[in-house]
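Working notes, structure below.
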Amino acid sequence: MPPRSLTLSRLPVAALGLPFSSCSPPPPRLRFPFAARRARSLATRASSSSPDSSFGSRMEDSVKRTLADNPVVIYSKSWCSYSMEVKALFKRIGVQPHVIELDQLGAQGPQLQKVLERLTGQSTVPNVFIGGKHIGGCTDTVKLHRKGELATMLSELDIDVNNS
C-alpha cells in the first residue's frame, strides 16, 4: 500500500500552525532583502511626514470623541468570530454598544486599527471600551462577564443589564 500523503486541503487546520488568537491577517512577507529595506524606509518616512501624522492625530481625536460620546464601543470586523462573540454577549445582556466595523470603512479601516493599536497596545479585534476605558478583546470581555465585573462596570454608567 502506498504511503498516504496529506494535501493542504486535507491537512487539519491546527497542523498549519496558524494563530487563532486574533482576527488580523498576518503581515505580508517580503522575499528580497532590498525590498524589506525599502519598505522600512518608506514606513519611516511616512510615519514622520506631517500630512500622515496630522491625519493620524485627526483619527485619534475621532476615536477619543467616539469613546466620549458612547458608553460602550466595540471596534470590530464583521467577519471575525471573536468580534461576533463579543457583540452576541452584549446583545444577550441587553446592552447596545456602538459598533464600528473596521472592514467596512475602506482604506480608513486599517489606518484606524493602527491608531487603536497605538492607543491601546492591542493590534487585534474586537477592541472593547466601556466608559472610555479600554477593557481588551473577546477573552478579556468574557472573563469580566463571568466574574460579574462587566455588569458592575455597566451599572456604574447607569446601563441596565440582563443577568444572562
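Here, residue 1 is simply the first one shown, and the rest follow in order.
Placement of Cβ uses the backbone N, Cα and C atoms for every residue, glycine included.
Swiss-Prot has this to say about the protein:
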| type | residues | note |
| --- | --- | --- |
| BINDING | C80 | [2Fe-2S] cluster binding site |
| DOMAIN | 60-161 | domain 'Glutaredoxin' |
Problem set entry | Summary of DSSP states over the domain 'Glutaredoxin' (60-161), given as helix, strand and coil counts | 54 helix, 17 strand, 31 coil
For this session: For the residue listed as '[2Fe-2S] cluster binding site', list the number of other Cβ atoms lying within 10 Å of its Cβ atom.
Result: 21
